[in-house]
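**Q** TrEMBL lists these features:
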type	residues	note
COILED	B:90-117	coiled coil
TRANSMEM	B:412-435	transmembrane segment
TRANSMEM	B:456-474	transmembrane segment
TRANSMEM	B:537-559	transmembrane segment
TRANSMEM	B:580-607	transmembrane segment
TRANSMEM	B:627-644	transmembrane segment
TRANSMEM	B:744-765	transmembrane segment
Amino acid sequence: MYGFEAMTFNIHGGYLEAIVRGHRSGLLTAADYNNLCQCETLDDIKMHLTATEYGPYLQNEPSPLHTTTIVEKCTLKLVDEYKHMLCQATEPLSTFLEYITYGHMIDNVVLIVTGTLHERDVQELLEKCHPLGMFDSIATLAVAQNMRELYRLVLVDTPLAPYFSECITSEDLDDMNIEIMRNTLYKAYLEDFYRFCQKLGGATAEIMSDLLAFEADRRAVNITINSIGTELTRDDRRKLYSSFGLLYPYGHEELAVCEDIDQVRGVMEKYPPYQSIFSKLSYGESQMLDKAFYEEEVKRLCLSFEQQFHYGVFFAYMRLKEQEIRNLMWISECVAQNQKSRVHDSVVFIF
Amino acid sequence: MDLMRSEKMTLVQLIIPVESAHRAVSYLGELGLLQFRDLNDDKSPFQRTFVNQVKRCAEMSRKLRFFKDQIHKAGLLSSALPTLQPDVDLEALETQLAEHEHELIEMNANSEKLQQTYNELLEFKIVLQKAGVFLVSSKGYENAEGRELDDSVYPSDYPESASLLEQATQSGSSISSGLRFISGIILKSKVLLFERMLFRATRGNLLFNQASADDLIMDPVSSELVEKTVFVVFFSGEQAKTKVLKICEAFGANCYPVPEDLTKQTQITQEVLSRLSELETTLDVGIRHRNAALHSIGFHLTIWMNMVKREKAVFDTLNMLNFDVTKKCLVGEGWCPIFAKPQIQEALQRATHDSNSQVGIIFHVMDTVESPPTYFRTNTFTNAYQEIVDAYGVAKYQEANPAVYTVITFPFLFAVMFGDWGHGICLLLGALILIAREGKLSSQKLGSFMEMLFGGRYVLLLMSIFSIYCGLIYNEFFSVPFHIFGDSAYKCRDKSCRDAYTIGYIKYRDAYPFGVDPSWRGSRSELPFLNSLKMKMSILFGVAQMNLGIILSYFNSIFFNNSLDIRYQFVPQMIFLNSLFGYLSLLIIVKWCTGSQADLYHVMIYMFLSPFDDLGENELFWGQRPLQILLLLSALVAVPWMLFPKPFILRKLHTERFQGRAYGILRSSELDADSEPGSARQHVEFNFSEVFVHQMIHSIEFVLGSVSNTASYLRLWALSLAHSELSTVFYEKVLLLAWGYENFLIRMVGLAVFAFATAFILLMMETLSAFLHALRLHWVEFQNKFYAGDGYKFKPFSFAALADDED
């Protein structure tokens, strides 16, 4: 039905699209970031933020402020907005919105499992979890000893259950296993999300497949770089790549055999969209890769707002807001630790 | 005459010594007649001079909000007596607030601790009561075998007991390690999940008993009462125990040990109960103490909040000022009305005097080319009308203000559409109620709808009075005609005369003295007669109002010394409108006065189509044909007159000015620029085509507009027709129909429907629609003749406005 969304989209999605576009215009602008980067103390940051959309969330915080409070309150705002939208949404938008949070759920599961492995307090771990990825029985994760139990006890109730089919083993949990589990889950999640968007069709499918493909490719590169020098075999590595995206399938074959960062670079530069990312980096450098990917992602997310009548804007907004919170966290950390010279290192301007 | 044009404003500069700056600004805030300009526009909020003070104020208002929240939570009403407090110093207030906050937080922490222990005991009590029942009942199945209690926090091993085992484990298999149990309490909403999770974790080898607790338990975080459920889990095995405990922890279930022994149980219950009552008294004392503290805070809270808000506003304003070179003075710029200059000067002197400053505050007028803000001094009556005009656009500085005329024309045009003196009286009662309770209503917070109604109470008053007047003219009282001003001038010749179109009634006495003769009502020619009357009337009103608009543009041109606009805009516009529609109005009046039967459509249409033909029976007065030809010609001339000369003359003037400056005065103009750097020279590029297109659009708009606007005034007729027909329908088809039955019930139902329809459809919907149409007639048809509406409002720095903001 491509091209005909305009006739019916607004029946169910019009209100929420208006809401999300309204939220988007509340995102901090380059001028805001410039002002924020000039702040001397966290109080200055608070003062500046109270003049923005974050005002009501920060104004009641007592004055010696911590970075965590700022981040917490900003995240709270995001969560409130998300919950509001989810309440208002009807099918299939509500499912789409729920899909957005699964990534956080995977991260939270991994966080708790790793934490309990290292015998950290569960309550403490729960505080670190992203509020978007919370589910009822998340605290129970600490009970499980191996993957099978993890699945049988807790995750079978969650939307993540279907993604688990590939990693049910009776092996005891260790760091390596958990990391593999994270990536397997993520792979299954992305593929599922991709299929869901394809099923929605229209502009949503077109835009989301582009955004998800980028996400999948970025994960593939990250997996490759992180697994260099570990005992992960090539086949295992290839199993973790999602089966779509620009790199699929030939790029994956080449990535699977990479031995160092420059080989990865060689593979990626064959793909024009990624050429520009890697051309910014000098050889052998992987530090700035994250930022380069983030910048590219933000650019793509912003572009999705140029088209109307599709669900991609919700995904894009959530991602942009998360990026904004990351930015705020970085700026506040720099200010708090007197490292103002490094403030520009990791801030990605959204507009 | 204050409202005719906005107040004369002037840009002033203040040079204030630092020591008296704060006082001066707060005095100005009390006066509320000076609008400061932000001279630090380029600086971000935290780079400004008084940022620390602003931060402190924000911190204080945070504390005050905290107090307010606490008072609200404690369910106390802040009985704010407006006691005049001796001027508290800001620093003193700050320390005072900090003390209060500290005290309050400490008290909260204490009571929270107490509350937590109290909760624990309460839960323990409930668990003891409920779980005890399970244990006792399960004991019945059991062999009478002695049993020992561990003193461990968590309950204890059972000796083997086969029957209980069979009870507890569904399979009844031979687990020989013994049976244990855990009892506790959990949020009711989590019970299901909890049970399922336990079931999975122990692979079904458990017995889960639950009972909902009778008392609600206060959640210490949100201080809400929540429902909880007591549970007892029986299971076997050491591994299962750790699992169950972990799950309990994960679900936030509180576990309490319940002794097996009945005597011990009662003993512990006793202990718990006594401790509970002890704690209760402690808690009560704590709460009373806290309430007393909150009460004393609540006493001053409003005053403090006002004060902090004022202080913050003062520092925000101070942040708009600039330091001068010596860093000893603050320089501020702002707009003030000219009449307020002595008051401001007086306030500034007072400030200098009160702060014992050696140096006075310098206050002087500056020249500027910038357009000053628009400021009307309105009162409660005119304010609503000014708002109606401002909603369209704020008047340009010193432009003729349509609000003056709107005061009368707006309610009047409304009433023309809403003419019914029965409905008018209902509206009047509503308006009078609002006005009578003005003092009470203005102090309290109203809903958005009531607020709108209350704000427009004087509009409503005039609207209803005019509706009564127009209703008397239309002779309609809930659509029923009355013989108020004597008897009808007509009487029936024979029985069938009500159905006759032309000649039925005969006039036998003088015309009905005021308004429409009641005999028209119900006759066959009622509609044609009323339509013709109302249609013509609307055109007369329309032409009159549009003429007023054009005349106002004349006064605007005179005021701004723009003779070009008078000659090439005002004059041709007057000629064009009046030669067509002014002539029509003339014809209408002549026809009314002479009682002629000429067809005005015909006259108007053939005036264009064949102006030289003989008018025949449609001639209303001598010399009509030559007059029509003259009018037509002048209308034709008026169009190019308003289109062409103005842009060409403007271009000529521009080139002349430019040429004059090109050689001789170059040097002096440079000097000028140096001497007044602030004033932007208006070297605007003259773009002829743009000016010409603009003029063309303007002229076309006027020419087409005079036709369409006149037609637009016909809505007066249409709406008044709709209103009267609608009320007739409700009266005849509902009320009279129901009254035709003898049945009391039917009559009551009919009356109810009629009352409902009158109240909601006629009084609310029709009022709204007539209001909107009157609004449109003013905004579009009237104001587009003269009103630019591109000014901006005067927003003085004022504490009074600050207090309004919060509500």
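Each residue, glycine too, has its Cβ placed from N, Cα and C.
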**Q** With pairs fewer than 6 apart in sequence excluded, do the transmembrane segment (B:456-474) and the transmembrane segment (B:744-765) have three or more C-beta pairs that lie under 8 Å?
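**A** Between the transmembrane segment (B:744-765) and the transmembrane segment (B:456-474), contact is absent.
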**Q** Can you name the far-off residues of the same chain, 6+ from the ends of the transmembrane segment (B:412-435), with a Cβ under 8 Å from a Cβ of it?
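**A** Contacts with the transmembrane segment (B:412-435): 441, 453-454, 457-458, 460-461, 463-474, 476-480, 537-538, 541, 715-716, 719-720, 723-724, 727, 758, 762-763, 766-767, 770-771, 773-774, 777-778.
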**Q** Counting only residues 6+ away from its ends, which parts of the chain sit with a Cβ under 8 Å from the transmembrane segment (B:456-474)?
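**A** Here the qualifying positions are 380-381, 384-385, 388, 407-408, 410-412, 414-416, 418-428, 430-432, 434-435, 438, 484, 514-516, 530, 720, 724, 767, 771.
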**Q** Residue list, the transmembrane segment (B:537-559) vs rest of chain: Cβ under 8 Å, 6 or more residues beyond ends.
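**A** Distant Cβ neighbours of the transmembrane segment (B:537-559) are 5, 398-400, 402, 405, 409, 413, 416, 565-566, 569-570, 573-574, 577-578, 581-582, 584-585, 588-589, 706, 709-710, 712-717, 777, 781-786.
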